[in-house]
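Undergrad: For reference, TrEMBL lists these features for the protein:
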- 743-795: domain 'Archaeal glycosylation protein B peripheral' (DOMAIN)
- 554-573: region 'Disordered' (REGION)
- 199-221: transmembrane segment (TRANSMEM)
- 233-256: transmembrane segment (TRANSMEM)
- 262-280: transmembrane segment (TRANSMEM)
- 301-318: transmembrane segment (TRANSMEM)
- 353-374: transmembrane segment (TRANSMEM)
- 380-398: transmembrane segment (TRANSMEM)
- 474-491: transmembrane segment (TRANSMEM)
- 498-516: transmembrane segment (TRANSMEM)
- 522-541: transmembrane segment (TRANSMEM)
- 584-606: transmembrane segment (TRANSMEM)
């Protein structure tokens, strides 16, 4: 019926009130709408509602009498109130005959408020390390690798003249442009937009990871709502993502690395594929035939916009990091299974995948152009999308054949597997150079030892099951049931969207089982499935409406509000907050129960990669000394453990490109018995040494013990060190820094063949000690002793002053 003026808003408000008061209101209204769509009028017996509920519908004006029976007062207003959108006007913007680009400008204010709250929570969970990162004038990024990206961001800034100086990123140095060029280019470009210079670089290093994560949160929200038609799941997904510790480590404040770019573009790819899948599925529900559904899908402007989004995501993902081809394996697997699903449902695999082919083609073109014109990435990675396009064409054609003959889809999947193996064999035969590149990259990714992230997510040392708890909180286990459900519905029905999620989830679970570094990618899918699981748990205890996907029945029965508009216009359930304080308390309590572990683990896990006050003070002490004595690189190079080496060198000299020297030389130095013997090797190459506490017993004759326990003195009964000047040491003696110096040489005359004692009192960071050396005078009565500290020395009964310049320059001082 056509509502009278003003009736739409009245009915809409009535429905809103009804939804707020009853947890089962949405299901009831959907059932009433379904009956009302089939009949002009109907009776109370025709709807699945008790007399009390029916009386409320009538008294609120949602249902009205008509010809002795009943009808919905305003179907559009009821549907809009449930969805949170506005009443449809039927107007659209068209681009040519038969090609529609319908734009729904309605906004669900409640959903947007919920999303804003979730993003604010995500922001808070990503700045838990704020105090450890933002220190005085320094931004101390967590971990080691971020300093590599900061180094090259600043190098590119120094070489460029502004954000339009594309020549800088078109001619990246070897080793930079062939692994993660897009990450470096994005960092540089954003820094240039902020004005360039050190201040802009520091701002980007600190805040780009957080901003990129918030952008990913928006993408994740949209992905979840596209899949579930429920903004509550989208909001819950963002909350779950915020509490996944493994994701927080790689995306927190200051952690500028390739992951922030990789995760975002992976999210864009998956969102585009999911939208295309769900749009066609929904149109099959509302259109009269599959052919009409496919035609409507292919004539929608949103379909081709999603294809363009897919292309951008694919093209940029290729160049975001060195192992980018790994991201396309689940996409290829999904497309193979999707062709079988299309053929089973009598949907043209070629037609259904035409937008995907366009998107992949755009991505392949972007990838190839960046490689061919700017030399970005290695050839094997740049050509990966082209191979995926070729594979998609093959499996779509095979799907068409299977659809024509109505053959079992299991045989099609088996044939696709054979085709994939044959394609890899052919690639190996025809492109041996690229195969060698793949092997080198695989060695870099999977066979590096000594790194925590290289361990398995299901490592035996964590009892197999506790690894996911420490890395994801409860999210991993919360997502298992929805993942099983997704696999089941994909097997039974035409649900290409859930097929995509299931394939990607299992793929990244396997990768995380090999190396937990891939838990970050897995987190995106855990968040969506965990969000769905969380809303379902709330519905089980009657604190929320059942999520749309879990309401039972076929996909046709769970899309009662579909109006033929596909995913672009498909209304979704809105959200409401219980008015009852008791229910609200239970709601918060259950939320904390399932996310609380993650909320506790995020700060804990992040703190493991941040730098302590003692480490920061050690770095600034070295920097201050280097500045005071005018040391420049490489004379101010800092030797430390490899996993902190980039940080120390970034603060002191800015040279944080690699840690190869520290990786090769630090452990032999620390375990050696005579640090002074290393001085000649260090000359002109190492200016400072950082020694940190290690687990277990340390032999007293090692450099580790002599430097950290004895701080270079003769406390162990041996000789004091002559080339190591203590600069800083913390109260607990967990870290000490030393300047490597030539030392001042004190010479003089004494009684022949007698010991000469040289000593001075030193205080560093509140630690006082006596530096003392004893040397034997020669037969002629001459002696010479090297000392690494400035100060007034007692030489038997005489005094001599040594300055810092004497120590740094290796000056000789004669006692007259």
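Note: Cβ is positioned from N, Cα and C throughout, glycine not excepted.
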Undergrad: Mind looking up the mean pLDDT for the domain 'Archaeal glycosylation protein B peripheral' (743-795) in the predicted model?
TA: 94
Undergrad: Considering only Cβ pairs within less than 8 angstroms, which of the stretches 199-221, 301-318, 584-606 has the most against the transmembrane segment (262-280)?
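TA: Out of the listed stretches, 301-318 contacts the transmembrane segment (262-280) most.
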Undergrad: What are the DSSP helix/strand/coil residue counts across the domain 'Archaeal glycosylation protein B peripheral' (743-795)?
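TA: Breakdown, helix to coil: 0 helix, 37 strand, 16 coil.
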Undergrad: Look at every Cβ pair spanning the transmembrane segment (522-541) and the transmembrane segment (233-256), keep those 6 or more apart in sequence, and say whether at least 3 of them are under 8 Å.
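TA: Taking Cβ pairs at least 6 residues apart, the transmembrane segment (233-256) and the transmembrane segment (522-541) are in contact, with 3 or more under 8 Å.
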Undergrad: Excluding the flanking five residues on each side, which residues at least 6 beyond the ends of the transmembrane segment (301-318) place their CB within less than 8 Å of a CB in that stretch?
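TA: Contacts of the transmembrane segment (301-318) (Cβ under 8 Å, skipping residues fewer than 6 from its ends): 95, 99-102, 182, 261-262, 265-266, 268-269, 271-273, 275-276, 279, 324-325, 327-328, 355-356, 358-367, 370, 377, 381-382, 384-385, 566-568.
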Undergrad: What else in the chain is close to the transmembrane segment (233-256), if you only count residues 6 or more beyond its ends and a Cβ gap under 8 Å?
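TA: Hits for the transmembrane segment (233-256): 111, 114-115, 117-119, 121-122, 124-130, 133-134, 139-143, 146, 149-150, 153, 187, 204-210, 212-213, 216-217, 220-225, 227, 263, 470-473, 475, 478, 516, 519-520, 523-524, 526-528, 530-532, 534-535, 547, 575, 591, 595, 597-599, 601-602, 604-606, 609.
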